Amino acid sequence: MSAEQQAVVSAEQQAVVSAEQPAVVSADQPAVTWTVVVPVKVTSQAKTRLAGDLSPTQRVELVRAMVVDTVAAARATPTVDRVVVVTDDPDVVADLSADEPAGTDAERRADPSAENRASTSAQHPCLRAHLDVVPEPSPAAGLNAAIRAGVASARSGGGLAAVSVAVLLGDLPALRPGDLGAALEAASAHHRAVVTDADGSGTTLLTARSGVELYPAFGPGSAAEHAARGHVVLDVADVPAVSGLRQDVDLARDLAAVAALGPGPRTTEVLDRWARLGEGSSAA
């Protein structure tokens, strides 16, 4: 466990494993909608384990593409109302802003015309959910601090009781709205839930229903740590092994797995261009 995890675990662990609520939510609860928090570190510092396969420029390009595709999938998921991206990277902010249609979010929502709805849906199918970008508290503070800042922003209006939150990592380029929607539906049956990555040791999705605190413990072995903190592990019946939600990218072999699943358009464009130019051949 990292020093950051140790700094918060004792008080949080006691709260999580207490009998404050049953582990399973009553079946007669209304349908759940979610705010998704996506933490994104400065891209020049990301994916260092790919350094032996990709140049620094390629790593930055890949990370930016994966974030765009991951966020687009989240915003296209019907049960997601809002996506909060936590980042200090201006290029990521610019990438996410580039796909926004004309007019403010409020203006688009206020226009009831079928023409406006059809145009927005056809040209910007990822824009069902509202997008907010909030600054990272401090790059030195780490991933879990960024997540806590995003969750605080997500719940700033109505507080803990008002918003169900899901933390989604930004390196899931093969994610589809159906993948995330199915996982969130399964997660809605539990006060806290977790989806593990393809090898079962890491975490790609961490959820907490409204009224429930979320205690992120991302880092090596995070899946086991999150389970110990009271998050129900969603198995392959809920999230299949071949789901894009499980396939994050840390190593070159992960890019091959992503290519087999079919990445989103931005990541596809990057990988296809590298293939044409003969770049990153050991990773693609």
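Even glycines carry a Cβ here, placed using N, Cα and C.
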Listed co-binder of phosphoenolpyruvate (same site as Gly219, Ser222, source Swiss-Prot) among Thr203, Thr204, Thr207: Thr203
Residues close to phosphoenolpyruvate site centre defined by Thr203, Gly219, Ser222, Cβ within 8 Å: Gly202, Pro216, Ala217, Phe218, Pro220, Gly221, Ala223, Glu225, His226
Largest CA-to-CA spread of phosphoenolpyruvate binders Thr203, Gly219, Ser222, angstrom: 9
Distant-in-sequence Cβ neighbours of Ser222 (phosphoenolpyruvate binding site), under 8 Å, six or more positions away: Ser201, Gly202, Thr203
Among Thr203, Gly219, which are binding-site residues, the residue with the most C-beta atoms within 10 angstroms of its C-beta: Thr203
